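A.B. asks: Okay, handing you the structure first.
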Amino acid sequence: MTNIRKSHPLLKILNSSLVDLPAPSSLTSWWNFGSLLGICLAAQILTGLFLAMHYTSDTATAFNSVTHICRDVNYGWILRYLHANGASMFFICLYLHVGRGLYYGSYTYTETWNIGIILLFAVMATAFMGYVLPWGQMSFWGATVITNLLSAIPYIGTDLVQWIWGGFSVDKATLTRFFAFHFLLPFIISALVMVHLLFLHETGSNNPMGIPSDLDMIPFHPYYTIKDILGLLIMLTALSTLVLFSPDLLGDPDNYTPANPLNTPPHIKPEWYFLFAYAILRSIPNKLGGVLALVLSILVLAIVPMLHTSKQQSMMFRPLSQCLFWLLVADLFTLTWIGGQPVEHPYVIIGQVASILYFSIILVLMPLIGIMENHLLKW
């Protein structure tokens, strides 16, 4: 008799995705982040669901409802901080996952890569709208500043902004719709994750060497399930340490002040995971140019597969490309730092140089170094 996991209509889908899935034998810990992202998404949906049971999306009561969750609801404080810091963990895993894809040339699987970019945009939109919900000072002004960027779109910009706001300023209508979308988007993300996996399982996983691994495959379970559980334990240790010892470490103190349209905070800035894009936005003195650069800072990933000039897929045996990759990582750290600094000398010029370097590395230097390495290897 066939094992039920191989014959049952539902279980056999799970079996072919999680148990008997053939995986390359040489996958490193950099391949852990896919499963960690899945766990992050599930945790965010779960904690978010329980928070939504006590939250009210009204400008008069939103701030107080979050306070009520933390003070009066059983374990409400841990739910709130798990959700807030879980988002930070989500983005850490996301950026490492994308970085792994860039380093090992996984972007050559274009369908999987493009769905991944759509997922990245969806998660960023969800996180932005979630940041508005506590209705603190940074929530209100963050929402005002970021949505106002759309007014830079020629002809329809102003109407578009007022349409999103549901009025002439960020107010009750804005908060209500942001809550609705913040609740809805994670389920859309879950559906996109299924499509992401569907495309991935069409081609099979990449591996660190970037060479076909059809001859040397091992079952996903028990080898990679055990490896993923170790990754999960490390992430849970980091998350629980953050939540239990310094839950507000990554947040902004201004968000503990209720939203006040008459009082602007001295430095309006988003959560840390958007600071690199915010720095790129601020480095261009023109509004429309800044908005385009902001969108392109993520959208540039979509043209990376077209700019792959090397005859090797992975960077594992390409030391010059490796140097460039780590320069890009250092540049992103610099942009993140600059995004949190006030707009004054020398931060402005550092931000502009870092922004130019960011686009130069991806669009110019990496393809050129790829060609150069081919010549060095006489290919």
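Cβ from N, Cα, C; glycine included.
Pasting the feature list from Swiss-Prot:
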{"type": "BINDING", "residues": "H83, H182", "note": "heme b b562 binding site"}
{"type": "BINDING", "residues": "H97, H196", "note": "heme b b566 binding site"}
{"type": "BINDING", "residues": "H201", "note": "ubiquinone binding site"}
{"type": "TRANSMEM", "residues": "33-53", "note": "transmembrane segment"}
{"type": "TRANSMEM", "residues": "77-98", "note": "transmembrane segment"}
{"type": "TRANSMEM", "residues": "113-133", "note": "transmembrane segment"}
{"type": "TRANSMEM", "residues": "178-198", "note": "transmembrane segment"}
{"type": "TRANSMEM", "residues": "226-246", "note": "transmembrane segment"}
{"type": "TRANSMEM", "residues": "288-308", "note": "transmembrane segment"}
{"type": "TRANSMEM", "residues": "320-340", "note": "transmembrane segment"}
{"type": "TRANSMEM", "residues": "347-367", "note": "transmembrane segment"}
A.B. asks: Answer with yes or no whether the transmembrane segment (347-367) touches the transmembrane segment (320-340) by the criterion of at least three Cβ pairs under 8 A, sequence separation 6 or more.
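C.D. replies: They do touch: at least three Cβ pairs between the two stretches lie under 8 Å.
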A.B. asks: Counting Cβ pairs under 8 Å that sit 6 or more residues apart, are there three or more between the transmembrane segment (226-246) and the transmembrane segment (113-133)?
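C.D. replies: No, the stretches stay apart by this measure.
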A.B. asks: For the transmembrane segment (113-133), which partner among 33-53, 178-198, 347-367 gives the most CB pairs under 8 Å?
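C.D. replies: Highest pair count goes to 178-198.
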A.B. asks: Restricting to the same chain and to residues at least six past its boundaries, which positions have a Cβ under 8 Å from a Cβ of the transmembrane segment (178-198)?
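C.D. replies: Here the qualifying positions are 17, 38, 41, 44-45, 48, 52, 55, 57, 112, 115-116, 118-119, 122-123, 125-126, 129-130, 132-133, 143.
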A.B. asks: Roughly how many Å separate the Cα of H201 (ubiquinone binding site) from that of H97 (heme b b566 binding site), to the nearest whole number?
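C.D. replies: Distance (Cα to Cα, whole Å): 17 Å.
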A.B. asks: Do any residues, 6 or more residues outside the transmembrane segment (347-367), come within under 8 Å Cβ-to-Cβ of it, and if so which ones?
C.D. replies: 279-280, 282-284, 293, 296-297, 300, 303-304, 307-309, 321, 324, 327-328, 331-332, 334-335, 338-339, 341
A.B. asks: Return the count of C-beta atoms lying within 10 angstroms of the C-beta of H196 (heme b b566 binding site), excluding that atom itself.
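C.D. replies: Excluding its own Cβ, H196 (heme b b566 binding site) sees 21 Cβ atoms within 10 Å.
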A.B. asks: Would you mind reading off the Cα separation of H196 (heme b b566 binding site) from H182 (heme b b562 binding site), to the nearest angstrom?
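C.D. replies: Between the alpha carbons of H196 (heme b b566 binding site) and H182 (heme b b562 binding site) there are 21 Å.
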A.B. asks: Can you tell me how many other Cβ atoms are located within 10 Å of the Cβ belonging to H182 (heme b b562 binding site)?
C.D. replies: 21
A.B. asks: Whole-number Å distance between the CA of H97 (heme b b566 binding site) and the CA of H83 (heme b b562 binding site)?
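C.D. replies: Counting only the Cα atoms, the answer is 20 Å.
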